[in-house]
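Please read the structure below before turning to the comments.
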């Protein structure tokens, strides 16, 4: 584990940025979307220490980059530290992330834990590694957040991840749930935030290409074919090509839930409807008014 690298001048994130108009248009869009997510869900507050989980993939690089740029212009003061979990995967290029962090004056930690061997051992033959791997990764990162005094743990999930999770739970889990933009961990010790919640994956792909991030592929799970999530993602990509507004509408639905129009008895008290109906009929004047309205409508026809 490496101690965080600090510039002698304090916060000094000044990367060499692309100069194209396409980059600045996209940057403006991403800043706006991330800013709205942070505001809508009160993700970052004055004095926060935000631990950004960096895997070396396009999503976490983009998240870290946008948050660091926000820190330069934000009206509040908050700290950012990048954390990578080195899971000891064979062939993992251990020098890539430290070099990127140091070249850009980004405080970082490398947390070394051999979760790769444990995942391989605990996963039954023929099953994917995702469940075991993610559980071990979460436990390691959440515990480390407590060690360094992080008040928020930032994850790189984007809008399309949230939608894909919704359909995974719908098709395979029998539940209506996705990934919330902000969440209290199950042990109630960490606040998890997803600042990219409003950002589309295709914009992240484009941004990562323009910024030329040193992407590290995931050889552990990326080599496994026919993952349920991969199939869902392919479905979403096809929808996006054929019906460009469909994913936007689906994500909007996740923010516009009507419990009374579903069938979850824990979410909505259906029994109270009977008492409400009886209360209405106890008022003879109210009942007379309703009948008058009905009679008028029939007369009009």
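From the backbone N, Cα and C atoms, a Cβ is placed for every residue, glycine too.
Copied over from Swiss-Prot, here are the features:
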- 55-60: motif 'PP-loop motif' (MOTIF)
- 130, 133, 221: [4Fe-4S] cluster binding site (BINDING)
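In this structure, the binding-site residues 130, 133 were compared by how many other Cβ atoms lie within 10 Å of their Cβ, and the smallest count belongs to 130. Note on the motif 'PP-loop motif' (55-60): DSSP counts are 3 helix, 0 strand, 3 coil.
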